[in-house]
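Undergrad: Before we start, here is the structure in question, set down as structure tokens.
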Amino acid sequence: MDQWTLIKELIKLTPEKKWQSGGPSWLVPTGRRDGRISSSNQASNMPSPLDPVSVQKQKFSAKGLDVHDLVTLLGAHTIGQTDCRFFSYRLYNFTTTGNADPTINQSFLELLQAQCPKNGDGLRKVALDKDSPAKFDVSYFKNVRDGSGVLESDQRLWEDPATKSVAQNYAGNIRGILGLRFEFEFPKAMIKLSSIEVKAGTQGEIRKVCSKFN
């Protein structure tokens, strides 16, 4: 599951579901005008789990989102799952060396290899947050700090000084205080995300049927 898709699913969560996951709530601006046609060609520049941080920065920047937004929105990976096929190369043949990605924590590597055996089912689901996959918290950032990021694009956040600084602030040492800060920043980033490339005037339409988002 790519970043934009996961974030879109978060937007669609009902208040009840967000509360069940322990996540924040926010007021969603209404009346946005969207296009009537969806084209796969327009999605060619979407973030990928294979993207290095430099490319992630470029893609987010192209949408008016900064490094702080990038790391904050990737925090959506605190809940949800991904497929083995999106990261199994890190476990067995990283950069065609025949070895695992050296940035993966050894005990976590063994766990992932058990969940995604070599030449196994690439569609098997694995939690993006090994510690609390159904809870919206700062565990995702602690995992990245400890070498337990599932996707390469997540783990690389700890190698870039700018993204590491933001992730480190969220992970911290005091779970409660910095956890609350993430919950405060995430809604702001989501509202900013929802304001990207809004059509105006008579362009597009104000959607009234939710199924059009599917």
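Here the Cβ of each residue, glycine as well, is placed from N, Cα and C on the backbone.
Bear in mind that TrEMBL entries carry predicted annotations, made automatically and left uncurated.
From TrEMBL, here are the annotated features:
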type: DOMAIN; residues: 8-214; note: domain 'Plant heme peroxidase family profile'
type: REGION; residues: 20-51; note: region 'Disordered'
type: COMPBIAS; residues: 37-47; note: compositional bias 'Polar residues'
type: BINDING; residues: Pro47; note: substrate binding site
type: BINDING; residues: His77; note: heme b binding site
type: BINDING; residues: Thr78, Asp129, Asp137; note: Ca(2+) binding site
type: DISULFID; residues: Cys84-Cys116; note: disulfide bond
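Please situate the listed features within the shown structure.
TA: Across the domain 'Plant heme peroxidase family profile' (8-214), mean pLDDT in this model comes to 84.
Its Cβ taken as reference, Pro47 (substrate binding site) is surrounded by 19 other Cβ atoms within 10 Å in the chains shown.
Cβ neighbours within 10 Å of His77 (heme b binding site), excluding its own Cβ and spanning all shown chains: 26.
In this view, Asp129 (Ca(2+) binding site) is surrounded by 26 other Cβ atoms within 10 Å of its Cβ, with every protein chain counted.
The Cβ of Cys84 (disulfide bond) lies under 8 Å from the Cβ of Gln115, Cys116, Gly120, Asp121, Gly122, Leu123, Arg124, Val126, each of these being in the same chain and 6 or more residues away along the sequence.
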Undergrad: Setting Thr78, Asp129, Asp137 aside, what same-chain residues sit with their Cβ within 8 Å of the center of the Cβ atoms that define the Ca(2+) site, listed in sequence order?
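TA: Same chain, not in Thr78, Asp129, Asp137, Cβ within 8 Å: Gly75, His77, Ile79, Asp131, Ser132, Pro133, Lys135, Phe136, Val138, Ser139, Tyr140.
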Undergrad: In angstrom units, rounded to an integer, how far apart are the Cα atoms of Asp137 (Ca(2+) binding site) and His77 (heme b binding site)?
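TA: About 10 Å separates the two Cα atoms.
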Undergrad: By a simple count, how many Cβ atoms lie within 10 Å of the Cβ of Asp137 (Ca(2+) binding site), its own Cβ left out?
TA: 20
Undergrad: In sequence order, which residues at least six apart in the same chain have a CB under 8 Å from the CB of Thr78 (Ca(2+) binding site)?
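TA: Within the chain, Thr78 (Ca(2+) binding site) has Cβ neighbours under 8 Å at Leu128, Asp129, Ser132, Lys135, Phe136, Asp137, Val138, Ser139, Tyr140.
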